[in-house]
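*Asks:* Pasting in a structure now, in structure tokens, and then I'll have a few things to ask.
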Amino acid sequence: MDEMMMTKQMRRSALQRNAYDVETVRAMERPLLNRGVPLMRMAASAAAQVTDELLDEHDIDVADANIVLLAGAGDNGGDGLYAAAQLARAGAQVTTIAVGESLHIQGLLAFTHSGGRLLVLNPEASIPGVSNGFGAGEAGERLQAAMELVQHADVVLDAMTGIGVHGPLQGPAATMAQMLHPAGESAKGSHTTPCTNGEKPFVVAIDTPSGIGVNDGTLPGSYIPADVTVMFGAMKPCAMLPPATFTCGRVVLIDFGFDITHIVPAVSSIDNKAGTMLRRPKPTDSKYSRGVVGLITGSVKYPGAAVLSSTAANHCNIGMVRYLGPANAADMVLRNAPEIVTGKGRVQAWAVGSGVPTADALYVIEDHTSGRHSTHTPDAQREAIAALLNHYALSDENTGESVGNAGIAPNRRGSDLDCSNGPWAMPPICVDAGALDLLPKRVPQHVVITPHAGELAALLRLHGEQVDTSAVTAEPWRWAKRAHELTGATVLLKGAVTIIVGDSEMAGMAPQENDDETEHHIVAHKATTTYISGSGPAWLATAGAGDVLAGIMAAMLAQQNEGQIQQHPSLSATTAASASYIHGYAAGLASQSNEQGWEPPEIFGAKGIRQSGENPGHPIVAGDVVAALPQAIENLLGNSHELTR
Ligand SMILES: NC(=O)C1=CN([C@@H]2O[C@H](COP(=O)(O)OP(=O)(O)OC[C@H]3O[C@@H](n4cnc5c(N)ncnc54)[C@H](O)[C@@H]3O)[C@@H](O)[C@H]2O)[C@@H](O)CC1
Ligand SMILES: [K+]
């Protein structure tokens, strides 16, 4: 491959993997705009082309198409007006519904010159060339007319708000969003089978679906889920983070040529980088040097979790698994995998807690079975886990002065970190399910916690946050970051799109004395790193899948070079994200499905990279994911650039 090709491919891959916050996107746009690059025209032309292709795919000739543009007052509306003008010139019937108080002037001129029609909804609007000012009665009639137009449209172009949105949609924009997408309809899937028979038009979002939290991936109010989002310049966090990512539909990214070198993304996907975290065995390796995993998982009540976590670790490219647990679970483990060793010994990574009841659950079990009031009986698994986790507890002293409330780990670049003993010398550990309430108050980043939303909410409550499961589901990134900040642990919040928050390479780089405030802020701001992983199909939502993930996690942690994870601030997050990716990827193989919780965007104009969810596949159980691990590892090791399934 020549160097130019390589660069092009690497750039595409970077654009498909990284999202940048709004402030960064605006900063990347600036030099291009200063040079007079016509970004808006480029954006609009691409959006029109994508719309044309969408119509074509559904056998609708653009000349026969009914198109409605919902246009806001900002530049997002400007993009929409130019795109609508292009579609009108191609023969489509296009009506612009203006939802704001004004419209982008040049865009409006282009649109009216191309023969498009205009309907203004806002009585306060002041738009040149249109009679302004009307009463409440007429406003109602206009809204009714807008509704009818939308209902009979083949395509709605949503250009009400883009990266300039603030808070929940207000006014006519909110009303239009509610009409198109009444509250309560689930975002994902509501447009998977779009129809043009008058019930529901296709929605093409311009830059972002209007109403979503562009920087944080939340859904603060009404919004319009899109079939296709034509995103400009670079992905924004909303294209990757749940729940907003589910509203974007297919994302087509227009590469404006932003200089993305040295720009720190807000969110990244691990994708094909996961393969690089797998350790290829060497001829000189022994079972010990390939990594040994220790597991304190499963319980008398849930012995199956012991089997799933241990077989998963066992199949995930390491030298040996040690299992510690009750006799009935250990028997089952050995029956399933005779090579697993029961009993203590040196390990390179741990997984604890999967299939271990929490303190609350123990209480309930005891109450239920005895029929009397009783306090919970101490459980041997929990005691063993608590004893192990105590070794990871950071005292104020080894947390370091620099930690403060910012959650920044101590400086590990200098000599001030002694890795020869204490929590920093402990092997990396995955803390799952029933072990989460045993987590010490503050731990190093090589402790990886793997809660689902409910478990994360419970953990946060132990740290004094008033938060429930639905709050975590509504703002998963915020709460994953908060849990990392409070505990110091690398946080993997499970979901169709899993969020991983850990230290970044810049964590602990205390600003020098001569640093100004801005630099100080940048260092603090970039102290964490966020990955998402959504490689799995929905079939993966099945009992025991979490136990399998814990086993894979421990195996991935165990096969990194010993001591590296403690030394390199961002390695825990990268390893954790890789484990999640492999978990989902194996589930895709097992179910023969190429559907994924999150897919990288298509790059506009790049051939042959269009993703598709054409193989829905079949149901699986957790053991099927374990069975698919060797094949997944072969594929990922062999081909860490272009993945195929
Ligand atoms: N900066 C540039 O040169 C480029 C910008 N582009 C487009 O410009 C967009 C950004 O434009 P703007 O900065 O003008 O911002 P937007 O057009 O995204 O949003 C601002 C408009 O939305 C309204 N608004 C904001 N919050 C609202 C709410 N909660 N409810 C109802 N209305 C609300 C504001 O009143 C304003 O009219 C991008 O998303 C992209 O589409 C592209 O044309 C590419 C180039
Ligand atoms: K939009």
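Glycine is no exception: its Cβ is also placed from the backbone N, Cα and C atoms.
For reference, TrEMBL lists these features for the protein:
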- 75-79, 162-168, Asp207, Ala305, His452, Asp547: (6S)-NADPHX binding site (BINDING)
- Asn76, Asp158, Ser210: K(+) binding site (BINDING)
- Lys494, Gly495, Ala496, Val497, Thr498, Gly546: AMP binding site (BINDING)
- 25-264: domain 'YjeF N-terminal' (DOMAIN)
- 270-636: domain 'YjeF C-terminal' (DOMAIN)
*Asks:* Out of Asn76, Lys494, Gly495, the binding-site residues in the record, which is closest to Asp207 ((6S)-NADPHX binding site) when you go by Cα distance?
*Replies:* Asn76
*Asks:* For K(+), what surrounds Asn76, Asp158, Ser210 with a Cβ no more than 8 Å from their Cβ centroid?
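*Replies:* Surrounding the site, in chain order, are Leu70, Gly72, Gly77, Gly80, Ala159, Met160, Thr161, Gly162, Ala205, Ile206, Asp207, Thr208, Pro209, Gly211, Ile224.
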*Asks:* Could you check which of the binding-site residues Asn76, Asp79, Val165 is the closest Cα neighbour of Lys494 (AMP binding site)?
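*Replies:* Nearest candidate: Val165.
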*Asks:* Using DSSP with the three-state reduction, classify Val497 (AMP binding site) as helix, strand or coil.
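*Replies:* DSSP assigns Val497 (AMP binding site) to coil.
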*Asks:* What does the structure give for the C-alpha distance between Ile163 ((6S)-NADPHX binding site) and Asn76 (K(+) binding site)? Integer Å is fine.
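*Replies:* So the Cα of Asn76 (K(+) binding site) lies 8 Å away from that of Ile163 ((6S)-NADPHX binding site).
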*Asks:* Check the Cα-Cα distances from Asp158 (K(+) binding site) to the binding-site residues Asp79, Val165, Ala496, Thr498 and tell me which is shortest.
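*Replies:* Answer for the nearest of the binding-site residues: Asp79.
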*Asks:* For Asp75 ((6S)-NADPHX binding site), which of the three DSSP-derived states applies: helix, strand, or coil?
*Replies:* helix
*Asks:* Any of the binding-site residues His452, Gly495, Ala496 with a C-beta atom under 6 A from ligand 2? Give them in order, or none.
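*Replies:* Result: none.
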*Asks:* Under a threshold of 6 Å between Cβ and any atom of ligand 1, which of the binding-site residues Asp158, Lys494, Val497 are retained?
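*Replies:* From Asp158, Lys494, Val497, counting a Cβ under 6 Å from ligand 1 as near, there are none.
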*Asks:* DSSP secondary structure for Gly546 (AMP binding site), reduced to helix/strand/coil, please.
*Replies:* helix
*Asks:* Report, in whole Å, the straight Cα-to-Cα distance of His452 ((6S)-NADPHX binding site) from Thr498 (AMP binding site).
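*Replies:* With the alpha carbons as reference points, the distance is 9 Å.
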*Asks:* Compare the Cα of Gly77 ((6S)-NADPHX binding site) against each of the binding-site residues Ser210, Gly495, Ala496, Val497, Gly546 and report the nearest.
*Replies:* Ser210
*Asks:* What are the other residues, in sequence order, whose C-beta lies within 8 angstroms of the center of the C-beta atoms of Lys494, Gly495, Ala496, Val497, Thr498, Gly546 at the AMP site?
*Replies:* His452, Leu493, Ile499, Ser533, Gly534, Ser580, Gly597
*Asks:* Can you grab the distance from His452 ((6S)-NADPHX binding site) over to Val497 (AMP binding site)? Cα atoms, rounded to a whole Å.
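*Replies:* Computed Cα spacing between His452 ((6S)-NADPHX binding site) and Val497 (AMP binding site) is 11 Å.
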*Asks:* Among the binding-site residues Gly77, Gly167, Gly495, Gly546, which residue has the largest number of other Cβ atoms within 10 Å of its own Cβ?
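*Replies:* The residue with the most neighbouring Cβ atoms within 10 Å is Gly77.
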